[in-house]
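Read the structure below first, then the notes.
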Amino acid sequence: MWWISSKESFWPREMLLIALLIALKESMAAPTPTAEDINRGVDWLTRFGYLPPPDPVTGQLQTQEELSKAIKAMQEFGGLKLTGILDEATLELMKTPRCSLPDLSQSEASRRKRNVQAVTKWSKRNLSWRVRTFPKESSLGHDTVRALMYYALKVWSDITPLNFHEVAGNNADIQIDFSRADHNDGYPFDGPGGTVAHAFFPGEQHTSGDTHFDDEESWTFRSSDIHGMDLFAVAVHEFGHAIGLTHISDMESIMRPYYQGPVGDPLKYNLPYDDKVRIWQLYGVRESVSPTAKPEVAEAEEHPFLPDLPENRSSIQLRKDEPDRCNTHFDAVAQIRGEAFFFKGKYFWRLTRNKHLVSLQPAQIHRFWKGLPLNMDSVDAIYERTTDHKIVFFKGKCRSF
């Protein structure tokens, strides 16, 4: 049993949960999280560096005040209102797919820094990479996966002195694997959703630079599947770790720990400025190479092929009742949790925080929001309620949430 200390005595974990439930009930009008929610919340805070792990011998001592501070640190890092309690918005963010690596190390957690600076980097500038294992059940072919890895690494090499080249042997600096569950590296995957990938920082260990993706995720690229994980976006994030960057709280950063959807065309993607500054602090800025300068890599690499992105809607097969976003008037427009939603009939389009359209094809309302009335075939208005962050839908004189 995990014991929690107050100022005068030690509380078992179950007693702390009861105290938290009472505090939540007194401080919020919104639905109170269950004991199971709070248990999961405490485990989440421990897993991602906001609370120290429990001592298996003596039991980890933790005050209710310290737990509240940990929750506030997580809320601050996640861009939420600082309540110090596991409210609905906090629990919802904890359910968001994300990177497996912690946001704060134990030394950093004690200081509760918003922006955690990287402390390791590669001592060499030419780095090799290899996709050792591929996703077993995916619509993405091996060549597409390799191409996406190439372009995700190129995002970082375009602005730094680093050079990446693919190799066929077993001695690559960055070994890339698609793995499942416990794969013997200390960061077990948990199936669809949850943690989706992780990478190890530069160093001299045999795992340094290695990057792992959860093979149970639905990995996609230029797909209309809103439930899939865009492989390019996640790879750019993880390769940031592989070359030395840690998580950051900036909403626009690719190094934010939470999955934020596709980031656009790999051939045109441009890193947010703060990410550029952080990587420049580690490696410096890539200088232009003069025509007479010798290349650092012996052989030039050809740019790999990527599946074509349709140039216009005429190249995409429409459903019979599917509206054309370029030739329609929207029924409702709303900003929900930092993203923009555009509704027409029973369909909607979604624009990420980075102003990228998740898919050219609209998604169906009932497939994204569960529990809506089955006869709701359009939306007149929609908004996110600030008191409890519930999404409220209006049609005619009726509302649902």
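Cβ coordinates come from backbone N, Cα and C, glycine included.
When the candidates His206, His212 are compared with the Zn(2+) 1 site entry in TrEMBL, which names His183, Asp185, His198, the shared residue is His212.
Comparing the Cα of Gly191 (Ca(2+) 3 binding site) with the Cα of every entry in Cys99, His198, Asp210, Asp215, these being the binding-site residues, the smallest distance points to Asp215.
Look at the repeat 'Hemopexin' (327-372): DSSP puts its residues at 5 helix, 19 strand, 22 coil. Cα spacing between His212 (Zn(2+) 1 binding site) and His237 (Zn(2+) 2 binding site): 12 Å, rounded to the nearest whole number. A straight line from the CA of His247 (Zn(2+) 2 binding site) to the CA of Asp173 (Ca(2+) 2 binding site) spans 22 Å.
The binding-site residues recorded for this entry are Asp173, His198, His237, Met255, Asp380, and the Cα of His198 lies nearest to that of Asp214 (Ca(2+) 3 binding site).
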